[in-house]
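Chemist: Pulled from TrEMBL, these are the listed features:
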type: DOMAIN; residues: 39-74; note: domain 'EF-hand'
type: BINDING; residues: 52, 54, 56, 58, 63; note: Ca(2+) 1 binding site
type: DOMAIN; residues: 78-110; note: domain 'EF-hand'
type: BINDING; residues: 91, 93, 95, 97, 102; note: Ca(2+) 2 binding site
């Protein structure tokens with residue numbers, strides 16, 4: 001499954017482009033711009049599974065660094081600071097990774 005099966009290619013391009021500058025990533029604005037906030041819980045879970053590259057059932061810190069590339073191949077890598085901020089926002093139970101329910105909560109709260 002591709003990200004464009006769930007989200008519009010135009011929205012993805014706009015959202016990723018809006019955060020192309022280093023240290024500019026804001027997950028709340030990004031989820032809204034990309035259209036994820038308006039999606040059903042099933043669609044949010046589909047996006048989670050696309051971002052979970054190693055199919056572990058979690059999005060770990062090394063996968064978060066490449067979250068924008070998960071939406072489009074020409075997205076930039078997040079900085080270490082941005083990656084850690086995103087992890088801190090989503091990791092509600094403190095286990096160092098984001099599960100599907102934590103991801104859904106993070107999107108809903110954005």
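Each Cβ is built from the backbone N, Cα and C atoms, and glycine gets one as well.
TrEMBL annotations: computationally assigned, not manually curated.
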Chemist: If you compare CA-to-CA distances from residue 58 (Ca(2+) 1 binding site) to each of the binding-site residues 91, 93, 97, 102, which comes out shortest?
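Modeler: Going through 91, 93, 97, 102 one by one, the closest to residue 58 (Ca(2+) 1 binding site) is 97.
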Chemist: Give me the DSSP three-state residue breakdown of the domain 'EF-hand' (78-110), ordered helix, strand, coil.
Modeler: 21 helix, 3 strand, 9 coil
Chemist: In Å, rounded, how far does the Cα of residue 63 (Ca(2+) 1 binding site) sit from the Cα of residue 97 (Ca(2+) 2 binding site)?
Modeler: 10
Chemist: List the residues in the vicinity of the Ca(2+) 1 site, defined as same-chain residues other than 52, 54, 56, 58, 63 with C-beta within 8 angstroms of the site's C-beta centre.
Modeler: 51, 53, 55, 57, 59, 60, 97
Chemist: Cβ within 8 Å of the Ca(2+) 2 site centroid (91, 93, 95, 97, 102 excluded): which residues?
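Modeler: So the extra residues in range turn out to be 58, 90, 92, 94, 96, 98, 99.
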Chemist: For residue 54 (Ca(2+) 1 binding site) and residue 91 (Ca(2+) 2 binding site), determine the Cα separation and express it in whole Å.
Modeler: 18
Chemist: Across the domain 'EF-hand' (78-110), what does the mean pLDDT come to, as a whole number?
Modeler: 96
Chemist: Who sits close to residue 91 (Ca(2+) 2 binding site): which same-chain residues at least 6 apart have their Cβ under 8 Å from its Cβ?
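Modeler: When sequence neighbours closer than 6 are ignored, residue 91 (Ca(2+) 2 binding site) has 97, 98, 102 within Cβ distance under 8 Å.
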